[in-house]
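Enquirer: Pasting a structure below so you can have a look.
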Amino acid sequence: MSEKYVVTWDMFQMHARRLSERLLPASQWKGIIAVSRGGLFPAAVLARELGLRHIETVCIASYHDHNNQGELQVLHAAQVPNGGEGFIVVDDLVDTGNTARAIRQMYPNAKFVTVFAKPAGAELVDDYVIDIPQNTWIEQPWDLGLTFVPPLSRK
């Protein structure tokens, strides 16, 4: 990936709250299925904003490092009735669409949303907030840490 898009906690919360607004009224939802790990963070915001307490997870591993997506491994699948009807499936990002296709097969009746979407996968989700170019790596706030940076005069 040649470009980077750095997301701060403030930006992330703002975007996740905007996504929550689009999911109102909350009474239509039975719960949330968070795609682990990236979907855990927006799931917490959605749960708070929509007043939902029933949160499940689906654990799918696909990224092995910043540049390489590998074969999908379903490590855990939430057991919900009726193909996920009445549930929101949430992930931080839809990228190539590989994970999204697997999710769609597992929960065909759920509402599938992400905070960010790249062109190759955008059509696979029901809603998202921010368009990201395909060749851009997203640096999410939970993957970053604060470190000391020396003054320019000391370099």
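Start at 1 and count along the chain as shown; that gives each residue its number.
Note: Cβ is positioned from N, Cα and C throughout, glycine not excepted.
Annotated 5-phospho-alpha-D-ribose 1-diphosphate binding site per Swiss-Prot: Arg37, Gly38, Asp91, Asp92, Leu93, Val94, Asp95, Thr96, Gly97, Asn98, Thr99, in sequence order, evidence recorded as sequence analysis. Taken from Swiss-Prot, the feature Mg(2+) binding site covers Asp92. Annotated GMP binding site per Swiss-Prot: Asp95, Thr96, Gly97, Asn98, Thr99, Trp137, Ile138, in sequence order, evidence recorded as sequence analysis. Annotation source Swiss-Prot lists guanine binding site at Asp95, Ile138. Annotated xanthine binding site per Swiss-Prot: Asp95, Ile138, in sequence order, evidence recorded as sequence analysis.
Show me how these features fit into the shown structure, please.
Expert: According to DSSP, Asp91 (5-phospho-alpha-D-ribose 1-diphosphate binding site) sits within a strand segment.
In three-state terms derived from DSSP, Ile138 (GMP binding site) belongs to an extended strand segment. Other C-beta atoms found within 10 angstroms of the C-beta of Ile138 (GMP binding site) number 20, with every protein chain shown included.
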Enquirer: Among the binding-site residues Asn98, Thr99, Trp137, whose Cα is within 10 A of the Cα of Asp92 (Mg(2+) binding site)?
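Expert: None, since no candidate lies within 10 Å.
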Enquirer: Which of the listed binding-site residues (Thr96, Asn98) has the least company, meaning the fewest other Cβ atoms within 10 Å of its Cβ?
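Expert: Counting other Cβ atoms within 10 Å of each of the binding-site residues Thr96, Asn98 gives the minimum at Thr96.
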Enquirer: Trp137 (GMP binding site) has how many other Cβ neighbours within 10 Å of its own Cβ?
Expert: 15
